[in-house]
Structures are given as C-alpha cells and as structure tokens.
Amino acid sequence: MNFYKSAALALDHLDKNQGSVKGSLAASGIKSTPGEGKRILALVIETLKYKPVLLQLLTTVPLLSLEKLTFPRKVPRSAPSSQSLLLVLLHDLLFSTKNKIEASDLWPPKPAVLKHQARLKAELVKIQIKLGKSRKEDLARSNNPSGDSPIEIIRYIRYNPNSGKKLKDLFQHLHKLGYEKLDQPIYPIPPKNYFLDIHLKDVLLTFQGNTNWWLKDEWYEKGGIILQDKASCMPAKVLMEGWEANEGECIDATAAPGNKTSYVSAMMSNRGKLHAFERSPNRYNTLIRMLEKAHCRNVKAQRADFLESDPNNEVYSKVTRILLDPSCSGSGIVNRLDYLVENEAEESDSKSERLEKLASFQLQMILHAFKFTSVKRIVYSTCSIHPEEDERVVMSALQSKIAKERGWKLAPRDQVIPSWERRGREEEMGGDKDLAQGVIRCLPEDKTNGFFVSCFIRDPSGLSVKSNASSKSSTIKSKSNKRDRDETEDDQGGEQGESDSISALESKVEVVKGIEEIEVEMNKEKTQAQLERNKRKKAAQKDKAKKRKVE
C-alpha cells in the first residue's frame, strides 16, 4: 500500500473515532517502517492544516463526480474513502514543497487529478484573493486552538560549538544564502531575516517558522547546527549556570533523543564526563546517533534506568549536577496539533488518574536524584502546562523528608534565567511569591512550546517552603512500582517534539518546531476504548439481526 492510501486511512479513522493523530495512525492498522511512519504522519498533519480549503476546492472542482470511476462513492472495506484520498493528493499537488504527487504515473488516481490541475490552481488563487491572503501558505489553519489571534511559529536553530565550527562562520554561511542578521528581534520575522535570541544569544538563532535552508545543508548534516525549541534549551542552560571546568561531572537522567544532552556537553566544552541514561532500547539508539552527529566526545551513554542507579556508587562520586526531564503529559507541545481533529474533551477522571501517575513518577525521579551525595544542583523540567506535573511536584519534593535532611532548596530567580518574565503560579506554591519566582513557565504565546523549569540547590541562598504555606502537592505520593514507570513510558515529553533527522517531506510540518518521534499520545487509551465500544456495538447489532431471522 502506498503512503497516500495509508495517510487517507488515518484521516478516515480520525473522522470516525477522533483521538490524537499519532494514535489514529496506530489504531487504523497502518503498518510501516519508522521512516515511512514519520512521512505519513507529516502528510496527515499537513492535510489537516489545509483541510477546510481543500474541501472548498472539492466543491468548486467536484472531482468526486468528474472522476467517479477512479474515486467511487463506495470503496472496499480495507480501502480509504475517495474523499480522504483526494485530500492528501491535493495537498501534495498544491501545498507541498515539491508541488507534485509523488506516485507512479501508472497509478490511476494521479493522472485523474492532474487532468484538472490548471483549474484547481486557478480556484485556489480565487480563494486566496477572497480571503485576502498574499501567500497560499497563509491559508493554513491557525496554530492557536482558541482561534483568537494566530500564534506566530518560530524556527529555532541552535549553534553547536562541539562541531569545531565558529559562530561567525555560520553567520557568513547564512549571508551567502541570502539571509540578513538583524540586531534586534522583530515580529513577525521578515522573510530571509534572522536574529540571535535575547535569552540564549550565544547559541540560539531565530527564523521564520517555514525556514528550511538547513535541509541537506552541510551545517545541519554534519552537526554544526541542531533544531531545538527555545524552551527545550532552558533546562540545560539553567543546569549549567556558574559551571567551572574542574567542578566535576554531570548526569542527564533521561537523555534521549539527545538535544539537551548535546547542549550540556557543549557547555562543558566537550570535556569532563557527562553520564547519559536511557532505559528504552529504541530511544537509546536514537540517543547514540544524536551524540555522534553532535560530536559529543565527553558523554558516556548507557541503556539503563536512572531509578535503578546506585547513588553511592564510586562511578558517580564526582557528579555535581543532574538534569531531570522525565516522561510527562506533553500538554505544552504545540506541534501535537490534536486540536485539528476537534476531539472531545478528555474524561476528567481518566485525565486526573493519568496526571497522578505521571506526577508520582516525576517526584520519584527527583527524590532519587536527591540521594547523590556530591550533587549540588538539580534541574527538573517538563513540557507540560499542568500544575500537577509542575509546581505541585516541586512543592512535594521540597517538603520531602530527604530534602529537609540533606538541605535541598529551590534556587531563587537570579539563578534561573532571571530575564525570563513568565514565572510560576503563586497559588500552586502555597501563595509564596519568592518560590513562584524561582521557577520558569513557557506558553505558546511566548513563541515557544509550553514548558516548565525548576532548579534545586544545596546552598544557603536557596528557598524553602514556609511552615504556614498551603499547597495542593500533599496528595502526590512517590511510587516505586515498576508497572507505573512502564505505564508512563509512552508519555515521553521533553524533546519528543524535536528532531535531528527530519526528512525533506517532514519539513513541510514547519509548525511543529521539528518532529523527532512525536510520541506524546495522551488520547491513546481513549482511542482504544472507542474501538472496543464499536466492536461491542457491532456484536450487539449482529445478535439482534440473528434474533429477527429466527422470529
């Protein structure tokens, strides 16, 4: 089955069952290699972005009627609907970077669509004029689920000094490609312009969201640059605040896919030792590829569970800093695009139970990190916007017995990117303004993914929970149940919205800031439940039909 049929089947499943895009790919029974899966995923998401316009085109150019032999109303059970197949074909013909249908000329749907190519393009221009859009790309749905005001999509590109190349050489390279460096940030970012980010000005370049100059470019292919969202860079930046070359070693407790790991490695000047843990075999392989591409020579990667590491092992006696970016709900990742499916609100009980399990696992990670005797600084981050996984986990950690015994406190604002304006929610931190100011929150309106960053330190300058503070965090319990850890494995957050291996076709999904292994599937359980209900419903209908025959 070609990938157009697979993408169309996924669209059909979304129409019938709702759920997440990634979950629908799995639930619709599509079998593909990881590379093919990413390609199909990219096409589905892009088609959803332009679906209203494509449906309008099918009204003015009624291909379902004009080519009804090729696109019949009724199709075999295992085949995609004619409408969904037309949607993915029209997307590639009209909106893809190549503007063509990538299939054999002998495949009947291709010539059937190309026969009407001139009329389709003419009608598309009419729609653009009617809507007042200067570019056809502006016809895509807004990335703002509320629909109030569009959120500008930004492409962040991190310079990687580990590659041995100089930042000024990157500037010269971009100049040759026709890009002009701006001295100050300007939004919306003009075409062919870029500037250095004001918070990470030594490494982070900011471009328009649809920028793709890096495709097949030597700087990208050889690890001179890394595609990484700004918010995802912040945990590593906070972790390495005040780092000195001879201080000791570091740990990245959940390292894959490796973007944060490579950034920490670069801030260590590729010297010393950085222990990188990853328990998943597949994600471990991704980590190894990333570290090799990013020229990280000081990283010792191991396929192991950080929770099973021995804090008293002599191997970690020199570790002074730990980065914790554990599994989370991924609710802050704007590239999930599940709102395009217009799915129903997740059942509150199911959502609360899921968040409770995640929070327990996250707290367990922090408490384990507290046990490393030589560690002085721990950064805990999530790509979640839920307080259950953010402020409440931090409060529980601060009030834990081991935190009090070993002197763990929350780092004040001046140690946690003080120039970043959006801070924690006071009401979730016992009404303590200082504690809330000590953590970072990012939201899509900040031109980043939703993110949360906190930092624990063992220092007199740290902040403690006041004895009269009221908090909702007391309900969080740390569990050492392996099953709970396994259940949260599917909810990998952090860098799951990032990519170091985006193919040319995947680059069409510019709205996603890079899509390496988009595995955040909060609606997966719901989709499976719906399938089970449908099976039971069909079985009941069959039973009724049999009874009628008997009567």
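Cβ from N, Cα, C; glycine included.
Worth saying up front: this structure is predicted, and the values here are computed from it rather than measured.
Its own atom aside, the Cβ of Asp325 (S-adenosyl-L-methionine binding site) has 27 Cβ atoms within 10 angstroms in the protein chains shown. Annotation comment: TrEMBL describes Glu278, Asp305, Asp325 as S-adenosyl-L-methionine binding site.
TrEMBL lists Cys383 with the feature active site, nucleophile.
Feature annotation from TrEMBL assigns compositional bias 'Low complexity' to 464-478.
Annotated region 'Disordered' per TrEMBL: 464-507 (among others), in sequence order.
Annotation source TrEMBL lists region 'Disordered' at 521-551 (among others).
Annotated compositional bias 'Basic residues' per TrEMBL: 534-551, in sequence order.
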Whole-number Å distance between the CA of Cys383 (active site, nucleophile) and the CA of Glu278 (S-adenosyl-L-methionine binding site)?
18
Within 8 Å of the Cβ centre of Glu278, Asp305, Asp325, which other residues of the chain have their Cβ, at the recorded S-adenosyl-L-methionine site?
Asp252, Ala253, Thr254, Ala255, Ala256, Phe277, Arg279, Ser280, Arg283, Phe306, Pro326
Neighbouring C-beta atoms (10 Å sphere around the C-beta of Cys383 (active site, nucleophile)):
29
